[in-house]
Every structure is written in structure tokens, then in C-alpha cells.
Amino acid sequence: MTSKTLTLADCRAMDASDPLAKLRDQFDLPADVIYLDGNSLGAMPRSSARRAQDVITQEWGVGLIRSWNTAGWFDMPRKLGNKLARLVGGNDNEVVVTDTTSTNLFKVMAAALRLQKDKAPQRRVIVSERNNFPTDLYITQGLMDLLSSLGSADYELRLVDGVEGLEAALTEDVAVVLLTHVNYQTGYMYDMADITAKVHKVGAVTVWDLCHSAGAVPIDLNGANADYAVGCTYKYLNGGPGSPAFLWVHPRHQESFWQPLSGWWGHARPFAMESQYDPHQGVKRYLCGTQAITSLALVENGLDTFADTNMEELREKSLKLTSLFIDLVHQECAGFPLTLNTPLDTKYRGSQVGFEHPHGFAVVQALIERGVIPDYREPSIMRFGFTPLYIGFEDVWNAVAVLKEILQSNSWDQPKFHQRGTVT
Ligand SMILES: *Cc1c(COP(=O)(O)O)cnc(C)c1O
């Protein structure tokens, strides 16, 4: 924490000297909103509206089926994968943009288990975190159920807490370690290279979920010698609601990559219409079937919002934003029951900050009504995402001012703020 009292003038001075401030013009954000939920759904790039119109009226409306070739629809998963690769430390022909994160998790978990079964069949343990994002655990459980119910193999899912728990769980019977790089609840970020080395030391392989880190923090998948990775494009990558996810595999595992969702888009010759599956020799073997082209096309607009910057610059600003927010909440809202659940050590911090409050849900609803949009996650976590592409330092000041007012006036304690929608 800083000792000096922070002022609005300090925040304005930080904006004035921010080389990334102009990047916000790429987005169409309502003027009366401070958007602190880009970690859940990124803001809309201005160019996306035009692109969506063009895909629908021109490529589909006029080009019709010809657009699979003439508008490059068929090759889009690979082409966008190459563009995304530079944000996660991948190279050309290592990444595809396709399907959902959940579906891609199923593919890579199956591929990782198959790789290990061929090398070391006695390894029957999958390690993950108890507070991992639920879909990661559910997909793993589904795959385990499938393998066990068909009498193929019984795996154990070993859930751990914290880095110490993780390191203690790394024994010689571990096949795969599935971790989310930046935790969705706490914003805790693993040291990917360090953990990967420890996992490899016991002969296991890593699956990294990058949903809360792609576009949020610098990632070097090849540099960390990771094995498999998946992630979202609709969070920090601004691809639009439900836009297709991505999947990365280290080149050393590409040829052995086997997955049970062996649809025709992963075939070496999809239009030969052969009756036997023969996987594509390259990155296309990670695909399954026909993609949601309208949504896929907009991933490019999201990725293009990174064109004039790089992850190192964004990281510097992101840490300034999250540190400022933490300091200001401590300065302005002392005395209220707020507990920081995000690491103070910036080495282990993603691009979000969580504060627990006994009535976190209602406080978040009151904030949203005042135009400050964070989100809420069980149990009692108010989650504030800071996307340096479009959030400024004065925004942080204003958001904390509104939070303070809501807490001081108890205005969150109204029946309407306790009502829960289906999506929180
Ligand atoms: C957002 C998120 C997902 C979402 O998966 P979908 O298949 O897109 O619903 C998965 N894992 C993590 C860690 C996430 O944060």
C-alpha cells in the first residue's frame, strides 16, 4: 500500500501520461458506464458491428455458399489461430480458433490421457484445483466416466488447494495436471514455466486453461515448455458473446494428438468424403465440425484491438490499474467489511481484483445500477476486471467513489438488489 493519500488529480495525471489511453477509441462503450467486466465479456470493438453486417449481408447474403472459398470461411480457424498465437507465445500452425473452451478441454484432456497411456499406462491420476472453474472439472469427470463406464480405464481426479497442495500432489502416478493459469475467483496467477517444469519432473503433462489470461497477461507457452492449452476469445480478447475458443498444442505432441471428437473438419481430406477417419497432419486435426462463421469472423476484430500494442505494455498498465484499485479501496472504504482475495504480489496477479463482502451480490447489483459494472462470483466475491485496452485511471477513481457511496449509504440493502437473475 502507498503511504501518500491518492487523489483524483493523481489519477488524471496517470491518464495524461498513459501511452495506451488512445486504444479506448477502438471500442464502442456507453458513455455512462465504467466497464469492469471485460474478464467475463469483453467490450465491443467498433469494427465488429461493420464486420458483422458485412459477413451477413455480403458474404452470406450475396456470396452464399461460394464464400466458404471466396471469403476464406473454411480456413478461418487456422488463420485466426495464427493471429492469436502471438498473444500466447505460440507460433504459426500451432493454434486453432474453434468450438468452445469446454469442448476443447475434452479434446485436449483425451489427447493428453492417450499420450500418457501409450507411454506409461500405470499413470492413472489427474490433478486439478478444487477452486478451478467448474467446467474444467465437469469435463474431466465426464471423460473419466466415459472411460470407466466403457471398461477402458479408471482414473482418479485429485483436487488440490494452493501451490503447496499442488506440489505435494505431484507423484509418479500422475498422468495429467489441469490448471487454470489465472484463477477466476481470486486472480491468482501461476508461474507457468516453474509449475510446468515441476510437472514434467514427475513425468506428467500440463493442460493450461488460459481463459482469464489470454489478452490479460503475457504468456509464453513455448517458452514455458507447456504441453496443451485452451482458452476463451470472448473475455479479454473481445471476440463477442460466445465467440469460439482456441486450442494450442506443443509441436512435439502435434503428430500424436488423438481426440475422440474426430469430426470431418479434422480429416486430412474432408471433401474426399471417405468412410474412414484419417486425421489431418497439421493443426487442423484439432477441429471437429462446421463452425459458427458469423461469430468466428468477429474474433478477428477482437484480436485486431491488440494490433498497436503488445502484452508487455498492456501488463504494465494492467498492474498499475489493479494496484491503484486495491490502494484506493483500502484508502476510501476502510471500515467496511471488504476482504481482498487477490495477491498483493504482482508476480502472482492476473488482471482482475476480487473483494469479498458478506453482501457482495447486492453490492454488485447496486454498483451496476449506478453504471459501474463488475460481476459477482460465489462465495461473496465481487470481481473487478481491468482491461488496459479501454479502462483508464480516472475510471478507477470513479468506480471506487461509487462503491464508497453505496457502502456508506447502505443503498445496496434494498429488496431489488437481492434478487438474482439466472446469470450472475
Ligand atoms: C470462462 C471460462 C470457461 C468457459 O468455458 P465455455 O466453454 O466457454 O463456457 C472455462 N474455463 C475457465 C477457466 C473460464 O474462466
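Placement of Cβ uses the backbone N, Cα and C atoms for every residue, glycine included.
The annotation pyridoxal 5'-phosphate binding site is assigned in TrEMBL to T101, S102, F133, P134, T135, D136, T180, D209, H212, Y234, W264, T290. Annotation comment: TrEMBL describes K235 as N6-(pyridoxal phosphate)lysine.
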Provide the three-state secondary structure of T180 (pyridoxal 5'-phosphate binding site) computed with DSSP.
strand
In angstrom units, rounded to an integer, how far apart are the Cα atoms of T101 (pyridoxal 5'-phosphate binding site) and K235 (N6-(pyridoxal phosphate)lysine)?
12
Which value in Å gives the longest Cα to Cα span across the pyridoxal 5'-phosphate site residues T101, S102, F133, P134, T135, D136, T180, D209, H212, Y234, W264, T290 as recorded?
30
Go through F133, W264, the listed binding-site residues, and name the one with the sparsest Cβ surroundings, counting other Cβ atoms within 10 Å.
W264
In Å, rounded, how far does the Cα of H212 (pyridoxal 5'-phosphate binding site) sit from the Cα of K235 (N6-(pyridoxal phosphate)lysine)?
7
Which one of these binding-site residues, T101, T135, T180, has the sparsest Cβ neighbourhood, judged by other Cβ atoms within 10 angstroms?
T135
Residues near K235 (N6-(pyridoxal phosphate)lysine) in space but at least six apart in sequence (CB under 8 A):
G38, N39, S40, L41, G42, C211, H212, A214, G215, A216
